[in-house]
Amino acid sequence: MRILLIAVLFLLMPKSNAEIPGCDFFDTVDISKAPRFSNGSYLYEGLLIPAHLTAEYDYKLLADDSKEKVASHVRGCACHLRPCIRFCCPQYQKMQKSKCYGDMSEDELNKHDPFVNVTLSDGSVVRRHFKEDLIVQSDLAKPGCPRMYFLNHELPGNEFTLFENGSLLRHWDKVELSKREYCVQHLSFKDDSIRIAPHFCPLSSEHSRTWKTVAIVISLICIILTISVYLYVEKLRNLHGKCFICYLASLFLGYFFLVLNVWKYSSGFCVTAGFLGYFSVMAAFFWLSVIGIHLRIKFSLASNCLHRLLPENPFRAYNLYAWGIPLIMTAITYTADQVVKNEKLRPRVGVGKNCWIYTGDMTVMIYFYGPMLLLIAFNIIMFVLSAIYIYNIKKNVKGLVHKQQTNQQINDQQMFAIFLRLFILMGLSWSFEILSFLLTKQQAWARALMVADYFNWSQGTIIFVLFILKPSILKLIIAGGRQNLPGSHHNSRSKAARYNSTHTACEGSIADPNAYC
């Protein structure tokens, strides 16, 4: 309730400075010195920018989406009206060894080639003068690296395509760079020519992206294999197993949309993919909480009273909870994205060519990381309560040799161990993800938390190893999915007697589907 109240108060607060709705900072230019008309419009480089595409800014956005405080100035969304070209330095300066030098001499201007090829949205290629036909952006922050590489399109393997929307495609590795990731500048070449050449950071980020993709794809394959085993092995298709499958399905969808975003394959339906990815990740957390809730219920009550707390069809109730609440959260996030006027409080799904919820500032804590932290805290409570129960049971039955009590203790411990594994796996990995977000501007911490990122991307692989590559599960797979798990060799008469004594069906657990109720 407090978080909701704080969010409402934030929405009601007046904006400290306006931003242009629907316009990325990297699509704007500084128009402070341009003539202003009485209707609020500006005339910039022969382009009339209407009042609704202008706003006052008191910051400069850096390549990593962090903000640097600067003097208040007016910016216009010129790139929505005419194609822009993003320069590294002032427009008439040259660049050598990643540094900007003074303006070109008259002789250099005479031999300089001022034209660039621009690919339009219909696929046609036109030749444009950088100054006369395009809007020059020269006040944006350079890509965040001390040394940049450049492309000489006259050399084999150095071809590139500059698109009308400002993005640049490197042909040799098919990577499309946004205006945050590259800039162009006049450059002297060995043949004594001066041409406009794109500059970009070393490819470590691309290598990281490749390894990220490898880790996620392997996880996706392992999730499919894990789901297949749980569907194939009859003994695993109990209530816990079904909840586990739903958890894996939502985790699969979350990773699927994440890898699409990494390689920009979802750009055609960017906003839709962002909301679907958001829903999937939230659903995975709620299904993890379902497992914790159900185990807590089993630990809290005697088995003959279990049916009094659970609804007649608990799996249906769990589905309503674990899919329904994330759906409501997604609807709220979508509504906020449409109606909230303060740009700093909008989720901004799909902003900056990133087909995910915007993570460039603390707003993500309201819509994404905040709910995630609450669910992690809830699961910690479930874990502590279950641990206390296990401890008390172990203490109470110490010295007893009654077989059913001993087996009950073993089964409870097995179920708790499963929940503990899942909690540590997902809770810890996403906790590191949130920590990584909070410390993203501190390079030393960012490097240290890189291993946590790979741990997060490899969740599906770890689940497969922990839950499938076990002797008991492998034995069931080899036996055709019908053999009882080890430790379940009780005759049918004793099982029937136990069933009648408890008056309720035994759901079993992920670890041991034949566990006592």
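Note: Cβ is positioned from N, Cα and C throughout, glycine not excepted.
For 1-18, the entry in Swiss-Prot reads signal peptide.
The annotation topological domain 'Extracellular' is assigned in Swiss-Prot to 19-212 (among others) on the grounds of sequence analysis. Looking just at the topological domain 'Extracellular' (19-212), the mean pLDDT is 89.
Sequence annotations record features per position, and here Swiss-Prot assigns disulfide bond to C23-C77 (among others) based on similarity to another entry. Classification of C23 (disulfide bond) by DSSP places it in coil, neither helical nor stranded. A sphere of 10 angstroms centred on the C-beta of C23 (disulfide bond) encloses 21 other C-beta atoms.
Annotation note: N39 (N-linked glycosylation site) sits in a coil segment as assigned by DSSP. The N-linked glycosylation site annotation in Swiss-Prot covers N39 (among others), and the record cites sequence analysis as its basis.
Feature annotation from Swiss-Prot assigns disulfide bond to C79-C84 (among others). Mapped onto three states, the DSSP output places C79 (disulfide bond) in helix. Around C79 (disulfide bond), a 10 Å sphere centred on its CB holds 24 further CB atoms from the protein chains shown.
According to DSSP, C88 (disulfide bond) sits in a coil region rather than a helix or strand. Within the same chain, residues at least 6 positions away in sequence whose Cβ sits under 8 Å from that of C88 (disulfide bond) are M95, C100, K142, M148, C183, V184, Q185, H199. According to Swiss-Prot, the disulfide bond annotation covers C88-C183 (among others), on the basis of similarity to another entry.
Taken from Swiss-Prot, the feature disulfide bond applies to C89-C100 (among others).
Classification of N117 (N-linked glycosylation site) by DSSP places it within a strand. On its own chain, N117 (N-linked glycosylation site) has V125, V126, R127, R128, T161, L162 as residues at least 6 apart in sequence with a Cβ closer than 8 Å to its own Cβ. Positions annotated as N-linked glycosylation site by Swiss-Prot, on the basis of sequence analysis: N117 (among others).
Sequence-distant neighbours of C145 (disulfide bond) (same chain, 6+ apart, CB under 8 A from its CB) are C201, P202. The disulfide bond annotation in Swiss-Prot covers C145-C201 (among others).
Swiss-Prot lists N165 (among others) with the feature N-linked glycosylation site. Annotation note: N165 (N-linked glycosylation site) sits in a coil segment as assigned by DSSP.
Positions annotated as transmembrane segment by Swiss-Prot: 213-233 (among others).
What Swiss-Prot records for 234-242 (among others) is topological domain 'Cytoplasmic', and it gives sequence analysis as the kind of evidence. Per-class residue totals from DSSP over the topological domain 'Cytoplasmic' (234-242), listed helix then strand then coil: 7 helix, 0 strand, 2 coil.
Marked as transmembrane segment by Swiss-Prot: 243-263 (among others).
Per Swiss-Prot, the feature topological domain 'Extracellular' maps to 264-272 (among others); the stated evidence is sequence analysis.
If you look at the transmembrane segment (273-293), the same-chain residues 6 or more away from its ends with a CB under 8 A from one of its CBs are 240, 243-244, 246-247, 250-254, 256-258, 260-261, 266, 318, 321-323, 325-327, 329-330, 333-334, 349-350, 354-357, 367-368, 371-372, 375-376, 378-379, 382-383, 386, 418-419, 422-423, 426-427, 430, 510. According to Swiss-Prot, the transmembrane segment annotation covers 273-293 (among others), on the basis of sequence analysis.
Among the features that Swiss-Prot reports, topological domain 'Cytoplasmic' is placed at 294-319 (among others).
With respect to their backbone Cα atoms, C23 (disulfide bond) and N456 (N-linked glycosylation site) stand 32 Å from each other.
Contacts between the transmembrane segment (213-233) and the transmembrane segment (460-480): present, as 3 or more C-beta pairs lie under 8 angstroms, all at sequence separation of six or more. Among 243-263, 320-340, 460-480, 320-340 has the largest number of CB pairs under 8 A with the transmembrane segment (364-384). Secondary structure of the topological domain 'Extracellular' (341-363), assigned with DSSP and counted as helix (H, G, I), strand (E, B) and coil, comes to 6 helix, 0 strand, 17 coil. Closest by Cα distance to C84 (disulfide bond), from the recorded positions N39, C77, N165, N456, is N165. Checked against C79 (disulfide bond) by C-alpha proximity, the recorded positions N39, C89, N165 yield N165 as the nearest.
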